[in-house]
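A quick write-up on the structure given underneath.
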Amino acid sequence: AGTAPADLTVAQLESLKEVCEANLACEHMMDVSGIIAAYTAYYGPIPY
């Protein structure tokens, strides 16, 4: 469930990254697994 990465705009992805980068653990997971996986793991479904 949730939003497929291809459905997100660049601006939406950037805003997710900004939220994730405020959390060191999320930022690390983003580097390993990608922004979609990291954001949903720490913050739940993508709100778009």
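For all residues, glycine too, the Cβ spot is worked out from N, Cα and C.
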## Note on the structure
From the set GLU21, GLU27, Swiss-Prot tags as 4-carboxyglutamate just GLU21
### Query
Within 10 Å of the Cβ of GLU18 (Ca(2+) 2 binding site), how many other Cβ atoms are there?
9
### Around the Cβ of GLU14 (Ca(2+) 1 binding site), the count of other Cβ atoms that are within 10 Å
11
## Note on the structure
If you count the other CB atoms within 10 A of the CB of CYS20 (disulfide bond), including all protein chains displayed, you should get 21
